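According to TrEMBL, the protein has these features:
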DOMAIN    280-413  domain 'GGDEF'
TRANSMEM  64-85  transmembrane segment
TRANSMEM  91-112  transmembrane segment
TRANSMEM  119-136  transmembrane segment
TRANSMEM  148-166  transmembrane segment
TRANSMEM  173-193  transmembrane segment
Amino acid sequence: MADLQSEQSREAGPTTTLLRDPETVAAVVALSKVRTRNLALPEKLHRAHLEHTWHSRKKINAGWMLWAAALNIICTLFSPFIVPLEAVHEVVLGRVAITAILVAGAAVSFTLRRPGLEGWATIAVCMSIIAVVGWMTLHVSPHLAERYIVHAVFMCGTAIVIARIRWHETIRLTMLVVLALSLLMATTASDSFSLAEKLQMMIFFDVGLVGLALARQAMNKLQHRVFILGLVDQLKMAEIEEMNGRLHAIARTDPLTAVMNRRGFDEAFAALASRPESETRVALFMIDIDFFKRLNDGLGHAAGDECLRIVAGLISSELRHGQDLLARFGGEEFVALLPGVTGDEAVAAAERVRRAVERRAISNPDADGGVVTVSVGVAVSPPASVSRLVARADAALYEAKSGGRNAVRLAAPPAALRIA
C-alpha cells in the first residue's frame, strides 16, 4: 500500500486534455459512484491511468528487481557454507546469473520511455530465473533442489504482487510461472519425492501464486479508485475556478451597460501603470453624456438607463475589439483606454465615437439639438506619465464641455515635455 499512498499526489496532477471530453467526464462521475471491487476502467481511462502513473510504476518495477538482486547476492554469500563442495561452483554461477538477470531487467525498466513493454520485461525476468533455478537443481541434492525451487517461487510471487503491470499481463505472468514451476517440481528429483509429495507442493505453491495475483488485482482496483477520485477532484477544482472566474467578471462588470466598471478599470489601469516605461504608450478618453440629468428628469430613469446602454454599445463599436478597453466610470461618464496609439490616432478615434453617438439621434428633448451627444477629453501618455493620464483627460473633458459640449479636446502634453 506504500506505493498507493506515495502516488496519491501524482494522481491528482493535471489531466486537462482528458477532462475536456464530455463522455469521459460523464464516465468519471459514474465511476466515482461504483464500489471499488466492481470498478472497471474503460480503455481510454485505463490508458490515461497507465500514462499518468508511468514514472512511479517504472521505478517500482525496477526497484523490485534491484531488491531481489540484493537479496540474491546475500544468499550467494552463504552458498559455500550450505552447498556441498562439488556443487558450489554451479550454485554460485547460477546465483550470479540470477543477479545479472535482475540487474539487466532493472536497467531495461529504467530505460523504457513509455508504457507497453514493462509486462513482457517482468515475464522475461521471472521465466529466466526459473530456467536458471532448473539448471541449478540438476547439480544439488533433492533437499537443496526443493530449497531453490522455494526461492524461485518467492521471487516470482513477489513479482506478481509488486510489479505494476496491466492485469492481463499479471494473469499471463501467473499462468507461465505456475506452469514452469509445476513442470520444474514434477521433473526434479523424481526418485526422491513421492507423487503425493510433489502434488502437495505444486498445489500449495500454485494456489499461493494465484492468491497473490488476486491480491495484485485488489491493489489495482484501489489504485484505479485513487485515480478516479483524483479526476473528480480536478473536475471540482475546474468548476470552482470557472465559478471564481465568473464572479471575478461579475465584480468588475457594470450590470447596466455590460462594460467594465470602475473597479475593473482601476485594476487594468494600475497594471498598465506598473509596466516598464518603454512599453507604456496609451491614450485615454474621458467620455461624458451631455445634459444627461435633463434626460433623466424629463424622460425618466428608464430612458436614462436605455440611453446608457445604447451609448456604451456605440462607443464599443468604434473601439478596437480585443485591444481597447471601455469602462463605465460612474454616472453618465465612460472611460476608454487605447494602447499603442499616437495623439492624432486617438483624436480621430474619439471623433468617430462622438459622431456615432450624434448620428444615433437618441432623443433628449431638453438638450441642445434635441438629441443625445457626448463630450470627449483625450490624453495621450508618453513614457513616465501614465499615472497622471486620468487627470489630464478629465481636464480636456472640462474644456470640451466648457466650449459648448458635443466636442473632442486633446489634453496638452505634461509640463515637463513642454519645457523640453
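Even glycines carry a Cβ here, placed using N, Cα and C.
Counting same-chain residues at least six beyond the ends of the transmembrane segment (64-85), those with a Cβ under 8 angstroms from any Cβ of the stretch are 91-92, 95-96, 98-99, 102-103, 105-106, 109, 125, 140-141, 144, 151, 155, 158-159, 162-163. With helix defined as DSSP H, G or I and strand as E or B, the domain 'GGDEF' (280-413) counts 64 helix, 34 strand, 36 coil.
In the predicted structure, the domain 'GGDEF' (280-413) carries a mean pLDDT of 91.
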